[in-house]
Amino acid sequence: MTSNNSLLGRGRMSYSSTAPPRFKRSVDQRDTFSDNFDYDKDSSNRGRTYIAASNSTTGVPPPNNSRSGCTNNTNNTNNTSNTSNTNNNDSVDENTVFETLPYYLPCFSWLPEYTFNKLWGDVIAGISVASFQIPLALSYTTSIAHVPPLCGLYSLAISPFVYGILGSVPQMIVGPESAISLVVGQAVESITLHKENVSLIDISTVITFVSGTILLFSGISRFGFLGNVLSKALLRGFISSVGLVMIINSLISELKLDKFLVSLPQHYHTPFEKILFLIDYAPAQYHIPTAIFSGCCLIVLFLTRLLKRKLMKYHKSAIFFPDILLVVIVTILISMKFNLKHRYGISIIGDFSMDNFDELKNPLTRPRRKLIPDLFSASLIVAMLGFFESTTASKSLGTTYNLTVSSNRELVALGFMNIVISLFGALPAFGGYGRSKINALSGAQSVMSGVFMGVITLITMNLLLQFVHYIPNCVLSVITTIIGISLLEEVPGDIKFHLRCGGFSELFVFAVTFCTTIFYSIEAGICIGCVYSIINIIKHSAKSRIQILARVAGTSNFTNLDDYMMNMKRNSLDVEGTEEIEGCMIVRIPEPLTFTNSEDLKQRLDRIERYGSSKIHPGRKSLRSKDSIKYVIFDLGGMTSIDSSAAQVLEEIITSYKRRNVFIYLVNVSINDKVRRRLFKAGVAASVERAQANNNENNTSNTFSDAGETYSPYFDSIDAALYEIEKMKIKGNNVPNNDSESFMSNTLFNSSLV
């Protein structure tokens, strides 16, 4: 048979009996083609006989089995290669440790290149970040987490040292976070309500230790991909609800109603219940001096922030103005000068004992181990939120500063960091995008900026705690309110975006997460949001996306018939723009086949046979008979992988077609050897029609031999399969190839007859 290069000028052929040109390669060149060729060591000459792994789809002709003319060169090359490998083994082994060490300890990637200029930039950035992070840490600790102030300060001081060794994002600033502190605060309220003698430091220690352990094992197990599970809409819904909860809780302290709330016989736990409490009791029970002082601080912070935003348009350095630190310093001076606590009854932080912080905490003592069952759910929420928040920050910084960030390494760093700081009784610490961005804008060059922030925090803890004594509690609550408002600022923009884009599923996730958090609890909100997201992922992966193809009239192009017809109708154009081949159904599988979507493939194929489309409702009356289908072409160009369960389903589908005397053709099959080997072992390759291949190719999982001829079960193109169909019609062959039928398919078929 003579070779043909096209089908009516439109397609390539794969059944030429003329052998393609051969070429010679040295042994060194073999590795280049290791993904495309297998070799058989059991040949008669004990050499390496290469076997083509594709039917000319790679565009590389298979090499000649003969070694004439190049045997000596091959042997010499082998000897040279073996000698060089032997000599280089020692040097490679010696350098391996130094090459891989920066991957596991990222500090070794920047320490050798650290200079004085970078040091100066990190010092300035560390001072800038510490100026507002220390007041925030005190605010999170006292007004949100309800634990001693030193828990927050230790979290801010110690965590940067650990992250400086294991962290891989240079500008990342780690420390206590608002949402995390709120989860801890709700856990504290729940535990202390039933166990009055429990130490608040023990609660903080256990939550930090357990969450760190979860993160560490997740990183070791390489679960970093889970950072892609939760959608941005879910996180936005949760963070916005956290912002509202922070405002509600802070308002209680700003009106000095916290003690009155505790004294009531009924309990107000959920944010919605606290809103009802404020409506019922705030008008009559609020403390006037505290409310006035809180209002003044709130107005000052609002005005300074508005001024900063306007100035930043002209002077970017305005972002470094320490408005929060300025308000804290001024209120400390006012509190000291006018004796706010005794003269006006405004509560201050007051004296707090450092006795419980003079030694390291063991998270696994018996009293603390007993707290683990009660605090495990809160610890899991902390680990999840902390990881997602840190991942968001690291990805944003990585995009901005062209960094490659490994989620698994970040998990290990965050996990080990929290295990270490739990020994100090600290709050959980994670990365935050806002402060990390300010750190980068301040001139930070490495993680040493966070270390300097930690040093300044330690200095504050040892020298300036006497001034912390005078900070009014309501001022810290006002700072929390400002942070809560900032968490809500992006919500309107996100809602408008999803409404404009028709993202109603994202809006539903947002609403469910937000409402559940407000009306029930933070844990319930994040759990329901996660469950809904996972269900959506499963639904998405279980849906088959097969396409029915048709040729565009007057061209050699094939297109998705459903989309093409819909587009033609939408644009009021002539819908007679495609050509259907009589008795032939062309189906494209544009995705990997797995156990999740292979079952749906059966149903959609049945719908296509009955209606000519996969988008018509299955309850409608069939538009055509299944007997009209005589040929089915599967375009597997997008099927880059297939698991054994899906291969079994595909084999059953092909077997069912064979019983109806339908001819099956596979085209554009991936050159991936795993895909082809699995199709062969599942019996799929043996059950489909074949194209005549190179006579010199050996019988492998990709070829079959019959009467001296070699055949391949895979066609290069749809046109090649159509050409073969035309040849069969001319010959009058009406019996499809049926060499192989799986035992499982026979068993299932026969069992249905019993």
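Each residue's number is its place along the chain shown, starting with 1.
Using N, Cα and C of the backbone, Cβ positions are placed for all residues, glycine too.
Taking the topological domains listed in Swiss-Prot, ARG435 lies on the same side of the membrane as LEU507. As stated in Swiss-Prot, the feature transmembrane segment covers range 475-495 out of the listed 97-117, 475-495, 496-516. Touching of the transmembrane segment (283-303) and the transmembrane segment (411-431) is ruled out by the presence of fewer than three CB pairs under 8 A, sequence neighbours closer than 6 excluded. Listed by sequence, the residues of this chain that lie at least six past the ends of the topological domain 'Lumenal' (432-450) yet keep a Cβ under 8 A from its Cβ atoms are 107, 110, 114, 117-119, 121-126, 128-129, 132-133, 160, 163-164, 167, 169-175, 177, 316, 319-320, 389-390, 392-393, 396-397, 400-401, 486. With a cut-off of 8 Å between Cβ atoms, the residues of this chain six or more beyond the transmembrane segment (200-220) that come close are 145-148, 151, 155, 184, 187-188, 191-192, 226, 356-357, 361, 363, 367-368, 371-372, 375-376, 378-380, 382-383, 386-387, 408-423, 425-429. Remote same-chain residues near the transmembrane segment (518-538) are listed as 182-183, 186, 229-231, 234, 237-238, 241-242, 244-245, 269-272, 377-378, 381, 384-385, 505, 509, 512, 596 (criterion: CB distance under 8 Å, separation of at least six residues from the stretch ends). Packing against the transmembrane segment (451-471) from elsewhere in the chain are residues 122-123, 125-127, 129-130, 133-134, 137-138, 149-150, 153-154, 156-161, 164, 173, 328, 331-332, 335-336, 348-351: each is 6 or more residues past its ends and has a CB under 8 Å from a CB in it. The average pLDDT for the topological domain 'Lumenal' (194-199) in the predicted structure is 84. Each residue in the topological domain 'Lumenal' (254-282) gets a DSSP state, and the totals come to 19 helix, 0 strand, 10 coil. Counting residues per DSSP class in helix, strand and coil order gives 6 helix, 0 strand, 1 coil for the topological domain 'Lumenal' (140-146).
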